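Features of the protein shown, as given by TrEMBL:
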BINDING   295, 301, 302, 331, 531  UDP-alpha-D-glucose binding site
BINDING   532, 556  Mn(2+) binding site
REGION    1-125  region 'Disordered'
REGION    419-448  region 'Disordered'
TRANSMEM  203-222  transmembrane segment
TRANSMEM  234-254  transmembrane segment
TRANSMEM  842-864  transmembrane segment
TRANSMEM  870-894  transmembrane segment
TRANSMEM  915-933  transmembrane segment
């Protein structure tokens, strides 16, 4: 203490000046670390003269602190009072301490008031006790060590969420009941948040857009007003091209004005859905189910080993095993894919627990074992090296089995066919002998047998799909539907492994594997099977019967899960406040195996990190065909629970959209209404409600279940259209024969007859880019989408590095865009639920290939100028050069700022600009011609499947980059040769 003992004794004596106030406790003062004296008691009798005096001595301080040995409470009154039984390890007014010792009450309710002298003696006895010598020790500053006192006297901390005793007595009123649970209940937390682009980057970006737009307008106005009378045809061609370029640039830049970033909170997701609570006492996962769709069509161009690795990464994903299901659609019906998937499921029984035990990333075995990163980094289990060595050997044997499957299948089929041939010959001989006819002659040994060369399965039965030697009912486009559940529905509770579990110690590791099913839809001649879109719709129906996950993750066979938490990242958006209005979560596409310089812009980062991020600030990114998590209910063609309409010329007036679900339900509930009032309410075709799902009652019943299970958790007043906690804890019923039979029926080729599949329900038919059309239809109904960029890439795939293959890929995309422009999916025909800038973005999707016409013409202008000796303007005047300079400088600055907010590199941006010119003068032009031929002459468009096979040259993995594959898509070469020849 800062005062002497005499001063302390003086303050404890009674004084007339204190008669009108409640009796105070021990009064003292101390010097702070700054040297100023602070009065803790505000007592008028405190002697503050001498060295302790100061100008701020009597400031009205309010100090709340537990009673310490130098400040014990002492209360009394003339009538009755309370006595303090001060003991070093005993009572305190705040209850027991957090260090485990029980404290007693510092106030004896039955005791009377003691004299002031007795209290002072008791006070001094505490101060002089040997047990409190260490308490009086000072800190280095000379002040009382309060923290040490709390520890050594087992003092208490009061009330709060840091500590609360279960035996806390009711000191806060007879009607107040409190417990530790009242303090540790965490407040409601959102699962996602928006991270806006800094205004220091975005504001100059928008300003430059306005400046360049104004300068472009003035430049074009000057060009129109100043023609070249000596070469009007050159001037006319150039001005038309320049006006189109300005229009195309405007369509591209306008949707980029509001880019945003997003972040997820995986800890909050786990706390909400996987922690014990009153509605979930066991802490079982309350997350909704997810069905993962993987599509393949050709076992030669899409190697089964690549597909198997993708499936293994899905089965090992960090998501509740009982809530995850995986489906593969083999549109070719190849036995090679079927048996490769069976091998993958068998290997998954050891690979999946190994990944869980050692937290492996990535969980694609091929990528994991070929990674150049130190495999022991952050690994702490002593048996990791042994386990990794064993699983690596198992994977090598797995690859050998996959590579040997073609020979195994062929030899097996030859063996069974030879047996069938022998049996047929025996039967023929027996018939000839038994018949006794002289005309019947047995087949000679050298003659060919009539036995069909079938393809056989390992169990000795015919393969129902495509045979190695095609024949009727067993060839591409003509085979039966196949559905095989290769791994059963897992148990609801975790199944822990044990030592020597298939040579690995899986003690304490969940060894369950998610459900996996092989699907090959039925194909027959005379039916339009609608390529990939038809295969995806078949999987939608089959999965609704088998697992009915409310969310669907769509992946290509070469796009594997690189981040095992990717599904949880997407689920944060779906389960957050307002998530019931989200139709899909689009993840960026990332690629492996690209040459280091990315010569042909295969990474396409300008689109995925720039354009898509900007669309996320509007109504959401477009669907790009893979790496997308859908809401099943939105795929069925229904409207969102809440939507807005954007009115006015530029969609600046926002108004709530009518809820057609409720209106139509009211109309159907009133049978007395005339038929004229029961006509469709929606004025736009996309706003009608889907009704024709097919004749499967089991599928129809699953629609409402999927919608309810996909709702966010109603744990806050702001969450609309939610479900109660604990609604998804019931185990999934096991599959039975009638259920599987119904799933086989819904993948038949006739099921979609007289239904709305492909028109309003599921993936939309009629375009080779069915992905963009499907996303557009959802946005047009008022849904919104979200772009999810994770810190660790969510998915990774492969891309063609050969120029010809790359151009064929771009050709297919551009052709689909031209089809969209000429169809009713043109953004010009969109309804009022589509935002204005979102409409501009979709309009640009259908228009950008037509820029190739003007680009090719503009590229020929230099050669024409050299050939004729004329120029597009009468002369190089100052206004012309000034306008060009300002336009170019603005474009460069815009590109630099776009690089800043999108996070792409300058080299990536430059490669994108280079390939835009290559594709714009080649594939885009051919796409426009193909689209015109389809519209005018009705010629169908066919595309070549992109090969996913890796390079065969082991010494140079980029050998395919230098392979020359001649194609008709070569206008760039003609343009370049023409310009160079004219210059010579």
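Using the three backbone atoms N, Cα and C, a Cβ is placed for every residue, glycine included.
No curator has checked TrEMBL annotations; they are predicted automatically.
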For the transmembrane segment (870-894), could you work out the same-chain residues 6 or more beyond its ends whose Cβ comes under 8 Å from its Cβ atoms?
204-205, 208-209, 211-212, 215-216, 218-219, 222-223, 226-231, 234-235, 237-239, 253, 861
Dominant neighbour of the transmembrane segment (203-222) in 234-254, 842-864, 915-933, by Cβ pairs under 8 Å:
234-254
Entry from the binding-site residues list 301, 532 having the most other CB atoms no farther than 10 A:
532
UDP-alpha-D-glucose site residues 295, 301, 302, 331, 531: biggest Cα-Cα distance, Å?
16
What is the number of other Cβ atoms found within 10 Å of the Cβ of residue 556 (Mn(2+) binding site)?
24
Counting across all protein chains present, how many other Cβ atoms fall within 10 Å of the Cβ of residue 302 (UDP-alpha-D-glucose binding site)?
22
